[in-house]
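Some features that TrEMBL has for this protein:
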BINDING   111  heme b binding site
BINDING   123  ubiquinone binding site
TRANSMEM  80-97  transmembrane segment
TRANSMEM  103-120  transmembrane segment
TRANSMEM  141-158  transmembrane segment
């Protein structure tokens with residue numbers, strides 16, 4: 001350890017300078033203050049305890065753990081959907097037909113579903129509200145999203161449609 005300390009160099013502002021600029025470090029000797037302090041330091045030489053041994057055993061375990069899901073593809077799809085919705089809304093002001101109504105219903109439904117999913121992931125974690133309630137919230141997102149999409153599609157097929165409804169509201 002003493003030899004290692006004598007070779008440690010710090011780089012400050014692009015220059016290498018010897019440790020603490022002390023000439024005794026260059027000869028491999030420690031000043032008496034450091035010589036007495038280092039062996040008793042709990043930071044440099046931690047004492048083994050049952051907790052640290054258990055942590056070391058768990059850290060070196062070879063058990064296979066569940067890999068968290070990769071949300072990169074979903075995130076990219078969310079961004080593509082958000083960008084695709086930018087021209088969709090102005091186009092819906094001028095195009096009033098079933099295709100535009102259904103495109104709007106699906107786009108808005110997916111956008112709201114992804115937003116709800118992120119909110120539940122952030123605020124309904126198992127350690128915050130419990131395992132059972134967290135799973136219930138995660139499953140309820142799908143129920144709410146399906147009911148919302150079914151309601152929008154039902155409105156499109158049985159009434160005037162989303163685009164015509166907004167035109168009627170703005171005509172008031």
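From the backbone N, Cα and C atoms, a Cβ is placed for every residue, glycine too.
Rounded to a whole value, the Cα-Cα separation of the residue listed as 'heme b binding site' and residue 123 (ubiquinone binding site) is 19 Å.
Minimal Cβ crowding within 10 Å, among the binding-site residues 111, 123, is found at 123.
Cβ atoms under 8 Å from those of the transmembrane segment (103-120) belong to residues 74, 78, 81-82, 84-85, 88-89, 92, 137-138, 141-142, 144-145, 148-149, 152-153, 155-156, 162-163 of the same chain, restricted to positions at least 6 beyond its ends. Under 8 Å from some Cβ of the transmembrane segment (80-97) lie the Cβ atoms of residues 103-104, 107-108, 110-111, 114, 161-164, 166-167, all in the same chain and six or more residues away from its ends.
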